[in-house]
Amino acid sequence: NICDRKGSSSDDVSKNFIEAKEPYKSRGGLKERRKKWKFAFDNVFSPSHDQDDVWTVTEPLVQSTIDGYNVCLFAYGQTGSGKTYTMLGDKTNPGIITRAVEKLFAVKTEMETTSMNSTKVHISVELLEIYNEQVRDLLSRKTNSGYKEVQLRLNSNEATVNIVVE
């Protein structure tokens, strides 16, 4: 579990947890009677951390995909909190997706080259956005009405995406 906290103090980050409090129901009282929840993370990033710091922690997840495991990277936060920048970055500071794709294709090329073309590697990626309780496929062609909406299929063990562009 990794958390990227924009605007957190260094004290919050060093503890590797985030504390969430129930909003005040009325602002008139002096005593704090709100529920509190603590969420633990393996890493918590503050605004002082850069894209290289985030990649150092997430790169092993990309290696896990190469080793045959399914991996999900999930960016969560309010509008304007830096999710898109963390995932995509820019030309001088590439984000997680850009770096992951570069690494996957470098490893693919290396594997196919060293096996003298006897090995073929297939890469499959899904890039979804959940916004206003709608799941959108960001790899589908964007139309005037936006990205293709994705329907989820649910069973007792898992939720699966119904038809995603690969």
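Glycine is no exception: its Cβ is also placed from the backbone N, Cα and C atoms.
Residues annotated as domain 'Kinesin motor' in TrEMBL: 1-166.
Of all the Cβ atoms in the protein chains shown, 18 others lie within 10 Å of the Cβ of LYS83 (ATP binding site). What TrEMBL lists as ATP binding site is GLY77, GLN78, THR79, GLY80, SER81, GLY82, LYS83, THR84.
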Integer mean pLDDT for the domain 'Kinesin motor' (1-166): 76
Which of GLN78, THR84, the listed binding-site residues, has fewest other Cβ atoms within 10 Å: GLN78
Surrounding CB atoms that lie within 10 Å of the CB of THR79 (ATP binding site), all protein chains: 6
Among GLY77, GLY80, GLY82, which are binding-site residues, the residue with the most C-beta atoms within 10 angstroms of its C-beta: GLY82
For SER81 (ATP binding site), the number of other Cβ atoms found within 10 Å of its own Cβ: 15
